[in-house]
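Chemist: Here you go, one structure.
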Amino acid sequence: MAISLLLIAVLAAIALVAGVGITTIGPGGIFVTVALYALTPLSSTEVAGTAHATFIVTGLVGTVAYARSGELLDGDGRGMAAILSAASVVGALAGAALNSYVSRRLFGVLLGAVAGLTGATLLYREWRELEPIVSVDASNRDGQAALGTLGFGLGVASGLVGVGGPVLAVPALVVLGVPILLALGVAQVQSIFISGFATAGYFAQGAVSVPYAVLVGVPQVAGVVVGWAIAHRVDPARLKVVLGAILVGVGGYLIA
């Protein structure tokens with residue numbers, strides 16, 4: 001598969017920025033999915049499968065990073081990660097199976113809707129300085145049921161449109177009262193399971209492009225490490241506004 005040097009440079013740059021977003025504020029990997037959809041000849045199924053293949057590695061690296069900084073070492077972090085990950089596995093397989101029935105145009109619209117809604121949510125919450133709407137406790141049954149339901153829903157959406165767990169999980173967990181750094185750490189673990197099982201489903205369909213996965217995966221991993229460092233040193237509010245605005249613009253472009 002011949003890929004021009006310009007396309008290689010553009011995809012690598014986008015992937016690096018995406019990696020930073022994954023571990024800094026959550027939504028980041030979606031830029032890789034959008035880039036593969038908009039800039040390559042891959043089918044919608046191949047876009048999703050290839051993107052998920054890279055998110056397995058970013059999830060592993062992000063998990064190690066956030067375990068090192070302590071977010072995943074306490075009971076709350078481990079409990080949330082276990083429940084979300086287990087529930088998301090079933091959802092991811094279902095989403096990957098549904099993707100084969102989605103046309104490339106509809107895939108673009110769905111991807112644009114996810115991007116736009118995620119961006120709008122980030123902007124709105126920062127603008128209104130909203131507090132969490134509810135507090136979820138992973139140690140009781142109600143909290144576990146809520147996290148399980150959330151995990152399944154996130155798995156379906158992520159598996160269907162080829163976005164990593166952090167894109168949707170971090171904003172959702174923050175709304176549920178989870179501290180941002182803990183939400184970021186938990187989402188990295190969930191990403192391994194969502195993308196691992198989604199990739200398996202897409203691989204069975206022959207829908208994973210190894211060359212493109214390597215091309216965007218390597219710089220994305222580098223960005224994940226940089227993003228983790230930034231998350232512990234910089235107020236994420238400014239980054240949320242910038243990312244939110246970009247996601248809204250990208251969403252509008254894909255839907256139009």
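Placed from the backbone N, Cα and C atoms, the Cβ positions cover glycine too.
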Chemist: Transmembrane segment per TrEMBL: which of the ranges 28-46, 237-255 is that?
Modeler: 237-255
Chemist: Same chain, outside the transmembrane segment (47-67) by at least 6, Cβ under 8 Å from its Cβ: which residues?
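Modeler: Same-chain contacts beyond the ends: 15, 19, 22-23, 29, 32-33, 36-37, 40, 73, 96, 99, 107, 158-166, 181, 184-185, 187-192, 194-196, 198-199, 202-203, 205, 207-209, 212-213, 216-217, 220-221, 224-225, 228.
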Chemist: For the transmembrane segment (210-231), give me same-chain residues lying six or more residues beyond its boundaries with a C-beta closer than 8 angstroms to one of its C-beta atoms, as numbers and ranges.
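Modeler: Distant contacts of the transmembrane segment (210-231): 1, 3, 8, 11-25, 28-29, 32, 35-36, 40, 42, 50-51, 53-54, 57-58, 61-62, 65-66, 69, 180-181, 184, 239.
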Chemist: Do the transmembrane segment (237-255) and the transmembrane segment (106-124) share at least 3 Cβ pairs closer than 8 Å, excluding pairs fewer than 6 residues apart in sequence?
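Modeler: In this chain the transmembrane segment (237-255) contacts the transmembrane segment (106-124) - 3 or more Cβ pairs sit under 8 Å.
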